[in-house]
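Remarks on the structure that follows.
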Amino acid sequence: MADILSQSETLASQDLSGDFKKPALPVSPAARSKAPASSSSNPEEVQKEGPTALQDSNSGEPDIPPPQPDCGDFRSLQEEQSRPPTAVSSPGGPARAPPYQEPPWGGPATAPYSLETLKGGTILGTRSLKGTSYCLFGRLSGCDVCLEHPSVSRYHAVLQHRASGPDGECDSNGPGFYLYDLGSTHGTFLNKTRIPPRTYCRVHVGHVVRFGGSTRLFILQGPEEDREAESELTVTQLKELRKQQQILLEKKMLGEDSDEEEEMDTSERKINAGSQDDEMGCTWGMGEDAVEDDAEENPIVLEFQQEREAFYIKDPKKALQGFFDREGEELEYEFDEQGHSTWLCRVRLPVDDSTGKQLVAEAIHSGKKKEAMIQCSLEACRILDTLGLLRQEAVSRKRKAKNWEDEDFYDSDDDTFLDRTGLIEKKRLNRMKKAGKIDEKPETFESLVAKLNDAERELSEISERLKASSQVLSESPSQDSLDAFMSEMKSGSTLDGVSRKKLHLRTFELRKEQQRLKGLIKIVKPAEIPELKKTETQTTGAENKAKKLTLPLFGAMKGGSKFKLKTGTVGKLPPKRPELPPTLMRMKDEPEVEEEEEEEEEEEKEKEEHEKKKLEDGSLSRPQPEIEPEAAVQEMRPPTDLTHFKETQTHENMSQLSEEEQNKDYQDCSKTTSLCAGPSASKNEYEKSRGELKKKKTPGPGKLPPTLSSKYPEDDPDYCVWVPPEGQSGDGRTHLNDKYGY
């Protein structure tokens, strides 16, 4: 004890004197690896800062803690340490050693290991690790690999190499590199997984290391023997194996698994294996007392055992709906909101477990409600597929469908008294629609209007009831309260709170229905056609028609064959234009004449209508004698002498006309035609008016009056014939076709 006290006193004096010493300069990594252990550092302080090596039971890392100093001999501790920490001077204070002490199993790497630095998809550089025991990563300049990212700690992590034993052998943990996090703030990531602090994690060739939030990736390169072997198990099998390991570990931690049970299990396995080996012989494919597999009852499960999820993974809702249809049940999803955009979906399956309870498939999903429904359907399909019920034939498992009609389309669990949402009635209506009890007819404008009227009527009735009940409640009763209550109950004027709430809810539903119906009515409303208003011309035309009906149909005037309608009735039509000689057809056209012709035609139509009215008024004023039909037909026929005389006279006059005197001669021609009057007075009046009109409408030298073809009615002004220009026949050919031969 005296020796120990004396040593502690000497160490304390050394610490006091060491505070006034000059701090040591930073040493380069190469020189530091070769430099011997400095004796000026205090081993107790180093021992306090150095972490204890912890072992992860699941990752298979080394379970060798750093050596604990013996209070009796500090010199032996310094000799055992192969790599003591080197003090690194900080810019703002005295020298500070890294908080890491190399374990005794560490040693320099003899294999050609290297560390590649990758950033942005390109390799920035390669650092050789051959001959180094460990590599220190951090933000300080004294670290082996200096990182400038602000999320990297000053001393962040260490890549420690484990050397093999002296005889070339090693422990259960093989030689290689191990990653050790020095309790950094933002952590160290190995293959995108954050490793626990102060724990050695094995790093194989090809593994990727990242420090904090830095984007630089460090890839370990080395011999192929150190590369991690790929597992033959799938991801799901690895997850199941991991779960089993965790369960066994929990049992061991809780002490549930005793050594006796393990011994019993191992003994039973040995006995079973020995009996099987002893009884092994020719069994002809049939074992004695063989237990039939449950899967033999369902061959479809064996057929699709390797591809189970391929049957329903694309559309789980459809597969689950098909199962419920075969079972004769209704598929209903239940939703519970667990939090913000987090849904718990639940489906009750028509299958019982071994204890007789109904199986329920549940799924929690963060996102949309529809996605939670799909996840729940997928989980239900997996449960049913595990039981071998999802892909069975409909004949083998189909149950008898419920006869909803016997129960008035209500379920046995439905209770309308406790229902406040109206969901049960909606389900009942849907069942009735599926059964065909409710005929859905297409809505029309009339049906929508009728529904809107009914909704408005019901809405007004409910509002009146609510108003009356509120008035009764507001009025203070003069009589006894009990008598007033009994009278109100008999009259039914007052409403209790539940009925008032129901009426308010019904009012809200009716208003929504009213808005919906109004929107539909706007869509299907027929087009509004404005009413026809009678104009003055239509009224006068109707009066004239009524007057004409009272007149006789023939014998109105002589020479009526010219004015015979297509229907055979006698009437008045516009006058026929005379046929002009072909000499006038060869005259040149002038553009101004066309506008004058249109104006003159309009004036002619107005005058003709005026003459029609005058003639009708004259015929109504004087009575016309009745004429026999034969005489009327003879009078309606035009005299042939008169027409022949007109044609000859016009041809003679037109042949003698010159270009300068055409206007004057044409007026004389119209006078001669007007002098040749017929025997009747009406014919003379008509010819006079026609001559006056032709005087005003005398064509100029370049004007071409239109000619009528015999194919169309000559006495109908609605028809006109197009006349081809000079030198053309109307078939599209001109003199250029003949000239150039095309």
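Residue numbers in this text run from 1 along the chain shown.
Cβ coordinates come from backbone N, Cα and C, glycine included.
The compositional bias 'Polar residues' annotation in Swiss-Prot covers 1-16.
The region 'Disordered' annotation in Swiss-Prot covers 1-112 (among others).
The compositional bias 'Low complexity' annotation in Swiss-Prot covers 27-43 (among others).
Swiss-Prot lists S28 (among others) with the feature phosphoserine.
Annotation comment: Swiss-Prot describes 72-82 (among others) as compositional bias 'Basic and acidic residues'.
Feature annotation from Swiss-Prot assigns phosphoserine to S90 (among others).
According to Swiss-Prot, the feature compositional bias 'Pro residues' maps to 96-106.
Marked as domain 'FHA' by Swiss-Prot: 135-195.
Residues annotated as region 'Disordered' in Swiss-Prot: 254-282 (among others).
The compositional bias 'Acidic residues' feature in Swiss-Prot is assigned to 256-265 (among others).
Per Swiss-Prot, the feature phosphoserine maps to S258 (among others).
Taken from Swiss-Prot, the feature phosphoserine covers S412 (among others).
Under the heading SUMO2 cross-link, Swiss-Prot lists K441, citing a large-scale study or a structure entry as support. In the three-state DSSP assignment, the secondary structure recorded for K441 (SUMO2 cross-link) is coil. Non-local neighbourhood of K441 (SUMO2 cross-link): S447, each in the same chain, at least six residues away, with C-beta under 8 Å from its C-beta.
Residues or ranges marked as coiled coil by Swiss-Prot: 443-476.
Summarising the annotation, Swiss-Prot assigns phosphoserine to S476 (among others).
Positions annotated as region 'Disordered' by Swiss-Prot: 565-742 (among others).
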Grab the same-chain neighbours of the compositional bias 'Basic and acidic residues' (732-742) for me: Cβ-Cβ under 8 Å, and only residues 6 or more beyond its ends, written as numbers and ranges. none
Averaged pLDDT, computed only over the residues in the domain 'FHA' (135-195): 88
If you run through the domain 'FHA' (135-195) with DSSP, how many residues end up as helix, strand and coil? 0 helix, 23 strand, 38 coil
Using DSSP, how many residues of the compositional bias 'Pro residues' (96-106) fall into helix, strand and coil, respectively? 0 helix, 2 strand, 9 coil
